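For reference, the structure discussed in these notes is given below.
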Amino acid sequence: MKKYQYLVLPMTFFLLILIAASCLYVPFLSNSIIFDDHSFFAGLSVYDYAQVPLSLKPRQFPYFTLGFIQVLSGSIEANRIVSLGLHVSIACLIFLIVRLLIKDVTAKSDFNDSVSEDYRCNSRTQIISGVCALWFLLNPIAVYGAAYLAQRTILFATLFALISLWFYRRAFAENRTADIFTAALFYTMAVFSKEHAIMLPLAAVSLTALFEGSRRSHFKRILLYLILCLPAAITVLLASKHIVASSYEPDVGAMIPQMHEIALLAKPWGKWLLSIILQAGFFFDYLAFWMVPDVRLLSADMRFDFVDIWFSWWVFPKAFLFFLSPILAIYFLRKKGLIAFFCCGLLYCWFLFLTEVAAVRFQEPFVLYRSYLWAPGYVMMMVAVCARFSRRWLVIAAIPVFAIFFLLARERLTSLATEASVWKDAASKLVSPSLIGSDRIFYNRGRAYLQEKKYAEAIDDFSHTIQQSPRVSQAYYNRALAYYSLEKYPEAMADLNHALLLNENNAYIQYLRGLVFERRGCVTTAKRAFTASMVLGDQMAKMKLNDLAKNNPDARKQDQSLDDAACPAWSSDIPAGTEMSD
């Protein structure tokens with residue numbers, strides 16, 4: 001009977017987690033692929049990944065699952081169901097692990113009630129664990145990890161990290177040294193799913209303070225665990241060493257000049273040091289957004305005024321507090337009980353967040369989906385706080401919070417419905433159109449407007465992009481496409497010529513130039529542009545040349561000079577060195 005009582009609440013919470021996740025995510029299974037999903041599913045890489053389940057290359061297994069399921073089902077919805085299943089599994093694991101850790105922490109405290117102590121302890125710990133697991137499941141920030149297919153890597157890394165913690169906890173709490181090997185195995189799977197999990201062993205080691213036992217025995221197990229984790233950590237670190245202390249992001253070169261007011265950038269290692277200081281402050285912003293997810297500010301591409309932040313009064317206090325917080329947390333681990341549990345949650349977040357300061361991050365300074373990885377630490381902190389309240393007040397407070405979270409998460413899922421909605425949402429959250437890095441938002445929203453045939457709006461967005469990043473050839477090309485659709489051929493040709501100067505080996509630019517020439521009756525010049533496009537690999541240009549030959553069978557006999565003379569003056573504005581003969 002007692003076992004039955006102990007199973008009722010866990011099964012109830014598992015059912016609640018499944019129902020809540022289904023009600024929230026199932027209506028959005030038909031969402032379109034977005035952002036990085038396109039490069040994965042639109043090309044042939046999805047089939048390549050489907051053939052290799054495991055390798056020493058990080059992220060291989062999560063990508064394999066994406067590719068394998070896509071090949072088998074041919075359905076994006078099937079992959080979304082798998083991601084949803086992973087999200088549910090993670091929430092259930094959080095419930096199970098936190099429940100056990102609370103019991104470990106409160107075994108010798110006044111946490112229990114005097115009446116029916118054993119059952120009360122079990123029911124109360126399970127209610128606290130279940131409430132906090134549901135908080136994680138329904139959190140609007142979690143949407144960016146669970147609903148973004150390319151971030152299957154984050155889901156698997158979080159899942160394997162939690163399983164590793166499960167076995168690590170059992171090795172100490174139940175005196176099972178063999179579980180250290182299993183914990184290290186799942187750490188290996190976590191770090192190969194997403195290299196950002198590389199600091200998990202240090203986060204796990206902090207949990208050791210929660211368990212009773214001799215220091216000598218604990219030290220031996222910790223040392224064994226770290227040694228077993230070391231090969232995977234070194235392998236992943238070597239594979240990712242190119243990003244350490246470097247600005248690996250492709251467009252960061254165009255962003256640095258926009259921050260010329262910050263003198264630190266001119267110093268050796270200045271870019272990395274600036275990034276570290278900014279990211280140290282963002283650590284607390286991630287925490288704030290998970291606790292109070294203000295959807296008026298959230299988007300898939302959040303932008304900040306780095307110059308304004310740098311010259312604010314709080315940038316250095318936040319950075320100082322970031323580096324001080326693990327020292328304080330380690331000190332208070334000695335207190336044991338719920339205080340130590342709170343500190344373990346803080347250290348879990350802190351250690352897993354450290355990868356954010358490992359590289360120069362200006363292009364993507366604040367990425368919500370990556371915070372999914374260290375969010376279990378937030379849950380531990382929440383549990384330590386919630387354990388101070390009675391079950392009744394906890395449940396009463398949780399119901400409206402969950403209702404609000406559900407609605408906010410639905411709003412975030414709606415914003416991720418299509419590529420266009422993603423970038424329109426991101427643009428609407430910009431506090432200023434001149435924010436550093438906002439050119440990417442305007443560029444992608446402009447492309448969405450192009451597809452919707454809102455050419456004037458598209459031109460405006462591409463103009464914003466060009467103003468901030470004048471060397472982005474794609475922006476000129478797409479603005480030319482919008483001008484072409486509006487039959488503004490001089491403006492289109494000016495942009496195409498500029499794009500060609502920036503990227504002379506782009507077949508699409510030459511093809512569009514050919515279309516503009518053809519529209520203006522410059523057949524010979526159009527043929528030269530189509531030929532150049534064909535040489536660069538565009539098969540559509542070859543078909544276009546064949547059509548021109550069929551429609552103008554006497555074109556070879558016509559005087560080329562007469563044909564060119566009939567063209568507008570701007571049509572001869574061909575960048576030097578880019579013209580190719582027939």
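Glycine is no exception: its Cβ is also placed from the backbone N, Cα and C atoms.
What TrEMBL says about a protein is an automatic prediction, not a curated fact.
What TrEMBL says about this one:
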type: TRANSMEM; residues: 7-28; note: transmembrane segment
type: TRANSMEM; residues: 81-102; note: transmembrane segment
type: TRANSMEM; residues: 123-143; note: transmembrane segment
type: TRANSMEM; residues: 149-168; note: transmembrane segment
type: TRANSMEM; residues: 180-202; note: transmembrane segment
type: TRANSMEM; residues: 222-239; note: transmembrane segment
type: TRANSMEM; residues: 272-291; note: transmembrane segment
type: TRANSMEM; residues: 311-332; note: transmembrane segment
type: TRANSMEM; residues: 339-360; note: transmembrane segment
type: TRANSMEM; residues: 366-386; note: transmembrane segment
type: TRANSMEM; residues: 393-409; note: transmembrane segment
type: REPEAT; residues: 439-472; note: repeat 'TPR'
type: REPEAT; residues: 473-506; note: repeat 'TPR'
type: REGION; residues: 552-582; note: region 'Disordered'
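The recorded stretches the transmembrane segment (393-409) and the transmembrane segment (7-28) share 3+ CB pairs below 8 A when only pairs 6 or more apart in sequence are counted, and are therefore in contact. Here the repeat 'TPR' (439-472) has, by DSSP, the following mix of helix, strand and coil residues: 27 helix, 0 strand, 7 coil. Secondary structure by DSSP for the repeat 'TPR' (473-506): 27 helix, 0 strand, 7 coil. Confidence over the repeat 'TPR' (473-506), given as mean pLDDT on the 0 to 100 scale, stands at 94. Counted over residue pairs separated by six or more positions, the transmembrane segment (339-360) shares fewer than 3 Cβ pairs under 8 angstroms with the transmembrane segment (123-143), which leaves the two as not touching. Same-chain residues lying 6 or more positions outside the transmembrane segment (366-386) and placing a CB less than 8 Å from one of its CB atoms are 94, 97-98, 101-102, 128-129, 131-133, 135-136, 139, 141-142, 144-146, 148, 151, 154-155, 157-158, 161-162, 194, 196-197, 203, 282, 285-287, 289-291, 298, 300, 302, 304, 338-339, 341-342, 344-350, 352-353, 356, 394. Through the fold, the transmembrane segment (222-239) approaches residues 56-58, 168, 171, 177, 180-181, 183-184, 187-188, 191-192, 195, 198, 200-201, 204-205, 208 of its own chain, all at least 6 residues removed from its boundaries and within a Cβ separation under 8 Å.
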